[in-house]
Amino acid sequence: MVFRKPPDGGWGWVIVVVSFFAQFLCYGSPLAVGVLYLEWLDAFGEGKGKTAWVGSLANGIGLLASPVCSICVSSFGARPVAIFSGFMVAGGLMMSSFAPNIYFLYVSYGIVVGLGCGLLYTATVTITCQYFDKHRGLALGLISTGSSVGLFIYAALQRELIELYGLDGCLLIVGALSLNILACGSLMRPLESSSSPPPEKMCVDKVPDQYFVYHEKEKTVEENISILEKGYIDEKSVNNVPDCKQDSILNRNVLSSISINEKDTYKKKVVEQTNFCKQLAKRKWQLYLTYWKETMVLFKNKVFSALFVAILLFDIGGFPPSLLMEDVARSANISEDDYYMPLISIIGIMTTVGKLVLGILADFKWVNTLYLYVTTLLMTGVALFAIPFAKSYLTLAMLSGILGFLTGNWSIFPYVTTKTVGIEKLTHAYGILMFFAGLGNSLGPPIVGWFYDWTQEYDTAFYFSGLCVLLGGFLLLLAALPCWNACTNQSSKLPPNTYSYKVASNA
């Protein structure tokens, strides 16, 4: 498939709008699952750690399955995958309304909805990158805010729907709203070249010359007979052999030549196909070896190794507040009359602000994006340590806003990855980092819930979360210090296309 040059406008802005609403409809409920978490605790009577698996799977499984999602989009295109993800998200939400136990929710809400979110995210990012080049950063920033706005609105919406229709009715209505993803997906028109050659011609042009051996040697019986008859006539004119004898000789020669030709052709087919399979297997094996060698080269970079540890620890410690903050407020005996706005809604709207502000800061030449990212990690760790001391709605709301703003560091994470490994290795490195981010999302809330089940209070859990985030931030800071760069340059072990952090980043 041949794509035109990105138009950086036109129908591309329609793609941005529908991608924004698609992420809004898809991620609204999974990110605001903290409201549902309270209802599931009361409905099934399970422990907080076991119940927290539902929301953590829904948010982590899409990142864990990101390689599979990328293969699906590459094979089938962004529009079919987006439409299919709409069916998955809507179906998973509606199935969850009939859940008889928490284990059913693991599959219906955690896996089905989570995979649908992962597929949709990959599809929206892919189609947006195809339509934009110069304004790609702006377009991706706009569609990424759809999930944060969805968190802000769905937190209040799901609370209201639960009061009016109950938990089951809320899930049915939210699932029905998710069907609008199908309309958004149908507008994701692929950017294909209208002047591309027909598929048949392209296939023939791409076939190597050795495959035409079969067609050259597999002549029909009539062609063989006509060739032999021509030779027979020429020979007859020279030797003057009687016609009857010549006819019998001709028949025997025709049959024997056809038989020999078919056997030779079959043997050559087997030999060439066997060699082709061997070459294909060898080529695939070489690709796998190359992939693992490149992975090992990435991990020789101290900053990248520290970055993968930091993102894992950040998601283990920094993701639970967005899921458990409502239960933290209930555990602190805060009256519902004091609620001016759901805490999860505050996290959602401040995440949107954080993405925009931190993204703008990263564009300044005097700002080092790595140090900016480390600062957000350290501040997140301090805010997590402060949660056990918050005993009122106002203090919890302030901490929710701070944590939401700092969580917006996802908008500068691609900048940091690019400056660490180089643009040529960005896709490879980013896929590895997103896998560990999904692992952290999946493990964080259950770990915090288990701490509560063991201690019957959240203080120890958030001390642990803050320690994880601070540890990741300090490791990344130590790896990025100029003294490490000096040592690395002396040993000349720095991988190619890797940028130094001695000076401010130009991201």
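Glycine is treated like the rest: Cβ placed from N, Cα and C.
Going by TrEMBL, these are the annotated features:
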type     : residues : note
DOMAIN   : 15-484   : domain 'Major facilitator superfamily (MFS) profile'
TRANSMEM : 12-40    : transmembrane segment
TRANSMEM : 52-73    : transmembrane segment
TRANSMEM : 80-98    : transmembrane segment
TRANSMEM : 104-125  : transmembrane segment
TRANSMEM : 137-157  : transmembrane segment
TRANSMEM : 169-188  : transmembrane segment
TRANSMEM : 303-319  : transmembrane segment
TRANSMEM : 339-358  : transmembrane segment
TRANSMEM : 370-390  : transmembrane segment
TRANSMEM : 396-417  : transmembrane segment
TRANSMEM : 429-452  : transmembrane segment
TRANSMEM : 464-484  : transmembrane segment
Paired segments the transmembrane segment (80-98) and the transmembrane segment (169-188) in contact, 3+ CB pairs under 8 A: yes
Cβ pairs under 8 Å between the transmembrane segment (169-188) and the transmembrane segment (370-390), at least three: no
For the transmembrane segment (137-157): best-contacting stretch of 303-319, 339-358, 370-390, 396-417, 429-452, by Cβ pairs under 8 Å: 339-358
The transmembrane segment (370-390) vs the transmembrane segment (12-40): 3 or more CB pairs under 8 Å: no
Close approaches to the transmembrane segment (396-417) from elsewhere in its chain (Cβ under 8 angstroms; 6 or more beyond its ends): 141, 144, 148, 307, 311, 318, 321-322, 325, 328-329, 332, 334, 340-341, 343-344, 346-359, 361-362, 369-370, 372-373, 376-377, 379-380, 383-384, 386-387, 390, 426, 429-430, 433, 505, 507
Considering the transmembrane segment (12-40), which listed stretch of 303-319, 339-358, 429-452 counts the most C-beta pairs under 8 Å: 339-358
Long-range neighbours of the transmembrane segment (429-452), counting only residues six or more past its ends (CB under 8 A): 47-53, 55-57, 59-67, 70, 295, 298, 304, 307-308, 311-320, 323-324, 331, 413-414, 417, 420-421, 458, 460-462, 464-465
